[in-house]
Amino acid sequence: MEFNISVIYGDGIGPEIIDSGIRVLNKIEEVYGHKFNIDRALLGGEAIDELGSPIPNETIDKCIKSDAVLLGAVGGPKWDHLKGSERPEAGLLGLRKALGVYANIRPAILFEELKEASPLKSSLIKDNIDICIVRELTGGIYFGEKGKEENEAYDVERYNREEIRRIAKTAFDMAMNRNKKVTSIDKANVLESSKLWRQVVEEVAKDYKEVELEHMYIDNGAMQLVRQPANFDVILTNNIFGDILSDEASAIVGSIGVLPSASLGEGVGLYEPIHGSAPDIAGENKANPIGTILSICLMMKNSLGLYKEGTKIEEAVKEVLKKGYRTGDIMSDNNKLVGTREMTDLIIEEIK
Ligand code: NAD
Ligand code: IPM
Ligand code: MN
C-alpha cells in the first residue's frame, strides 16, 4: 500500500532520531512491499531559522493532507530568548491545535529487558507495569488566556464539558480493551476546572459499567506512581498534569528515551517520542531512537492499519534489547553500549 507521511526533524537530537525513524520506514517498505512518500516539513527552531515562523502555513497544509505525521522534537537554547508565541514550542502547540489532536496517548510499558534500567527497586517492579497515559492535548492551561506585564503574569486553566467528555471517552474506550480501570488525576480539591473535570468524567463513566473508575489528586497520583506503579492501567488527565506524569512514568520504565506517543483526533494523527530535543547530547550519536521507533509502531497501528508491521517493529526493538544492546540512557552492567545509528542498524536487522 502507498502512504503519504509528513516528517518533521525539528531541533537538537530531532534530526538524529528522525533519521532512525526514516530508516525503519524504509525497511518496512522493503520487507512488506509498501510505499511511504516522505515529505519533509519544517517546525520549531529550524522553521524560525529558515522561514521566520515556528509554524509556517505550508507545514500545516502538508501535515493536514498527509496520512500521518512523524515528529522528532523542537526547541533549544538558541531560541530561548524569544517571547512565548515566537518560540519553537509554540510551533508544536500550534500544530497539535491545527490537527485537532486532542488525545495524547503515551504508553509506559516496562519491558522485561529494561527492568535493570528502572530506578525503582525490584520489589516495586516485579509485577507487570503497563500504563497508558491519556493526556488531554489541545486545551487547559497551555491554551487558556495568557498575559505578561513587568511585574505580573498569568496563564488560565479552562476546560469546557465537551473537551472533557471526549478525552474521558478516549480513556474509557482504551480501558475496555485493557484491564478495565481508569484513574482520573486532577486537583478537584482546589481547582474549579478540576471539579468540572471530575463531574464530567463521572458522567462518561456511566456508559462504561465494566470499567472501574478511581479519582486521585495530582500530588497523590505523582506519589502513587512511584510507590505502586503496577496498580495503574489507564491514567486520564489534563494537559499539564499529563505532561509531567508522562516524564515520571518514562523514568519508571527505563528512560525518557523509550516512550512513544500518538496524538489523535478527528483527522490526521501525529506521532512523536515524548522527550524533547535534548540539547545536552545533540549531534553526539547518543540519543536513544527507541521512543521514535515505537512511535512509528503506533503510527502503523493507529493511522495506517498496518498491524503486523507495527507488531514486527515492537518485536525487533525487544529482540535487540534482549541481546543486551543499549544506548547510554538505559545502560546497566554487562550491557553493550551503542550509539543512535548502531541501535537503529540493529533494530532494522531484526525487521525481516
Ligand atoms: P529533554 O526531554 O529534551 O531532555 C531531558 C533529559 O533527558 C536530558 O538529559 C536529555 O539528554 C535526556 N534525553 C531526552 N531524550 C533522550 C533520548 N532520546 N535519549 C537519551 N536521552 C534523552 O527535556 P528538556 O531538557 O527539559 O528540554 C530541552 C528542549 O526540548 C527544550 O527546548 C524543551 O522545550 C524542548 N522539548 C520539546 C519537546 C517536543 O518537541 N515534543 C518535548 C519536551 C521538551
Ligand atoms: C511534550 C513537551 C511539550 C508539551 C512542550 C515542548 C510544548 O514537553 O510534548 O511533552 O509540554 O506538551
Ligand atoms: Mn513534556
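Every residue gets a Cβ built from N, Cα and C, even glycine.
Bear in mind that TrEMBL entries carry predicted annotations, made automatically and left uncurated.
Record features (TrEMBL):
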type    : residues                      : note
DOMAIN  : 4-347                         : domain 'Isopropylmalate dehydrogenase-like'
BINDING : 76-89, 276-288                : NAD(+) binding site
BINDING : Arg96, Arg106, Arg135, Asp219 : substrate binding site
SITE    : Tyr142                        : site 'Important for catalysis'
SITE    : Lys187                        : site 'Important for catalysis'
BINDING : Asp219, Asp243, Asp247        : Mg(2+) binding site
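Proximity to ligand 1 (Cβ under 6 Å from any of its atoms) holds for none of the recorded positions Gly84, Arg96, Tyr142, Lys187, Asp247, Ala282. Proximity of the binding-site residues Asp80, Gly84, Arg135, Asp243 to ligand 3, judged by a Cβ distance under 6 angstroms to any of its atoms, singles out Asp243 in sequence order.
Set side by side, the recorded positions Arg96, Arg106, Arg135, Lys187, Lys286 differ in how many other CB atoms lie within 10 angstroms of their CB, and the most is found at Arg135. The Cβ of Gly76 (NAD(+) binding site) lies under 8 Å from the Cβ of Asp11, Gly12, Gly45, Pro88, Ser277, Pro279, Ala282, each on the same chain and at least six residues away in sequence. A distance of 11 Å separates the Cα atom of Tyr142 (site 'Important for catalysis') from that of Asp243 (Mg(2+) binding site). Checking each of the binding-site residues (Asp80, Asp219, Lys286) against Lys187 (site 'Important for catalysis'), the C-alpha distance stays within 10 Å for Asp219. Proximity of the recorded positions (Gly84, Arg96, Arg135, Tyr142, Asp243) to ligand 2: a Cβ under 6 Å from the molecule is found for Asp243. Neighbour counts of Cβ atoms within 10 Å were compared across the binding-site residues Gly84, Pro88; the minimum falls on Gly84. For the binding-site residues Asp80, Arg135, Asp219, Lys286, a Cα-Cα cutoff of 10 angstroms around Asp243 (Mg(2+) binding site) retains Arg135.
Ranked by CA distance from Asp247 (Mg(2+) binding site), the binding-site residues Asp80, Arg106, Arg135, Ala278 have Arg106 at the top as the closest. Using Cα positions, the member of the binding-site residues Arg96, Arg106, Arg135, Asp219 nearest to Asp80 (NAD(+) binding site) is identified as Arg96.
Comparing Cα positions, Lys286 (NAD(+) binding site) lies closest to Arg106 out of the binding-site residues Arg106, Arg135, Asp219. Considering only the residues assigned to substrate binding, Arg96, Arg106, Arg135, Asp219, the longest pairwise Cα distance works out to 27 Å.
Comparing the Cα of Gly84 (NAD(+) binding site) with the Cα of every entry in Arg96, Arg106, Arg135, Asp219, these being the binding-site residues, the smallest distance points to Arg96.
Taking a C-beta cut-off of under 8 Å and a sequence gap of six or more, Asp219 (substrate binding site) has these contacts in its own chain: Lys187.
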